[in-house]
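Written below as structure tokens is the structure these notes are about.
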Amino acid sequence: MTKNTITIFDTTLRDGEQSPGASMNIEEKIAVALQLERLNVDVIEAGFAASSKGDFESIKEIAKNVRNSSICSLSRCVESDILAAHNALKDAHKKRLHLFLATSPIHMEYKLKKTPTQVLELAQQSIQRAREFFDDIQFSCEDACRSEISFLKEVAHAAIEAGAKTLNMPDTVGYRLPHEIGEIIKELSDFIKDKAVISVHCHNDLGLAVANSIYGVINGARQVECTINGLGERAGNCALEEVVMILKTRKDVFDKYGGLDSKINTREIYKASKLVAEVTGIRPQPNKAIVGKNAFSHESGIHQDGILKHRETYEIMQPSDIGLVNNENLVLGKHSGRAAFRDKITSLGYELDSNTLDNVFERFKILCDSKKVVYDEDILALITESNASVPQVFSLISCQCSSTSNGLNVAALSVARDGEVRSDCAIGNGSVDSILKAIERVCEISGRLLDYKVESVSRGKDAMANVVLKVSFNDSRAVIGHGKDLDTLLATAKAYINALNSYLRMEKFLG
Ligand code: KIV
Ligand code: ZN
């Protein structure tokens, strides 16, 4: 790592998970962490160990599974938080603690009710205590970009003296303009010199998170905190894929600043984006830079003509740079064998172990029986589903329901639990209502449906439906359920049962 390599600190699993409705279960978090490792992310902020038992357990599991990226937990400047992070990260190959404390006048006065002197002392004491367990400590001045620069310098000095190696300067409320962030980082960078790494963590409330991060980097920051698809609190965080592709695509500019670049394997970006969209149920908007559905499609005749004559007329990046491959000429169908299927998976950029390959292949064959053309998107959906699948307590055996323009909707279904098959039926206001009620009867649980989305996985009238729903069972924390099927109502039943399995898994972890 040269002094101009930008450390990519991914916080999809912590700040990203704070997006409304983005909660992930433990299997999903591990799958995301492994994909971040494939991307070659330097630091993965896996959660906030002290915030919940679920976060603690998932950090612990991620620490056991990931070898190449450093695993990090967020922590307040509180002894019990530091200990929780230490316990969660015991098995990590490389670990980091991320301490934070607010430094802006508004946060210190109204939220912390502390004087600047108290904040300074608490920061220093906490870093010193954390040094007993961690070598690599990052300290964040929360709301740094609305703090007094003279106070930021005092805190930075104290934090470095106490042992912090990275100083993060969040624009917590997404308030600053690029040139302002540039001035703050430049002043701090001149003051700190190379005694610590300066980091930027920009929120996107004014749509400037990426631009602000880039200005931070140009002015001396050597770490960028970001998330896949720009997920995060409120309007989100700086999008990893955008900042990384800016560094790559405008190499000519960054070479003038000493060759600023990241170590990210950009060919893993598309898969990371797909996976995060799938497990959170939050898809990037179609015109989202880099990973939006339309980011590489050319609609107008003039553009298409230009692209055909010479790609660069209208394209500044190659789709393959982000791992977007178009190999639809390698068409598979019901007669395709396992070897051809494995080649297809490899050409899509995946390597599956033999059990997962068998499982995905089996489901591919079932799909081929009922669908004329199986597209790459269908296969990708099957892979994602099996990579982040939650252990099944309940599984759907059969489901039958009626749709009527003027009458009662009835659903009857059978579900298996530990080899025992149970069946029941229910009446509802519409097919979805009757199916969910029947599941609740048969599984003896009640849930509140908070969100329901349906979209097609690929193309055509016979495309698979992908249902993503959010439920709170027994009034507990909401969980997300996913279900795919050629039949939308069956996809709905599968998604509800998947959410129920996630809930039971969470309950098991939380004791
Ligand atoms: O936005 C913020 O200030 C944060 C800190 C906890 C780093 O997320
Ligand atoms: Zn944040």
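In case you wondered, yes, glycine gets a Cβ from its N, Cα and C as well.
Note that the structure is a prediction, hence the values are computed from the model and not measured.
What TrEMBL records for this protein:
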type    : residues                      : note
BINDING : Asp15, His201, His203, Asn237 : Mn(2+) binding site
DOMAIN  : 6-270                         : domain 'Pyruvate carboxyltransferase'
REGION  : 395-511                       : region 'Regulatory domain'
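Annotated features, which come from TrEMBL, shown on the structure.
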residue: Asp15; record: Mn(2+) binding site; Cβ neighbours (10 Å): 24
residue: His201; record: Mn(2+) binding site; Cβ neighbours (10 Å): 29
residue: His203; record: Mn(2+) binding site; Cβ neighbours (10 Å): 25
residue: Asn237; record: Mn(2+) binding site; Cβ neighbours (10 Å): 33
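Mapped onto three states, the DSSP output places Asp15 (Mn(2+) binding site) in coil. The Mn(2+) site is set by Asp15, His201, His203, Asn237; from the centre of their CB atoms, other residues of the chain with a CB within 8 Å are Thr11, Pro170, Thr172, Cys202, Asn204, Ala209, Glu225, Cys226, Thr227, Gly232, Glu233, Gly236, Cys238.
Each residue in the region 'Regulatory domain' (395-511) gets a DSSP state, and the totals come to 36 helix, 51 strand, 30 coil. With a CB cut-off of under 6 A applied against ligand 1, the binding-site residues Asp15, His201, Asn237 are reduced to Asp15, His201.
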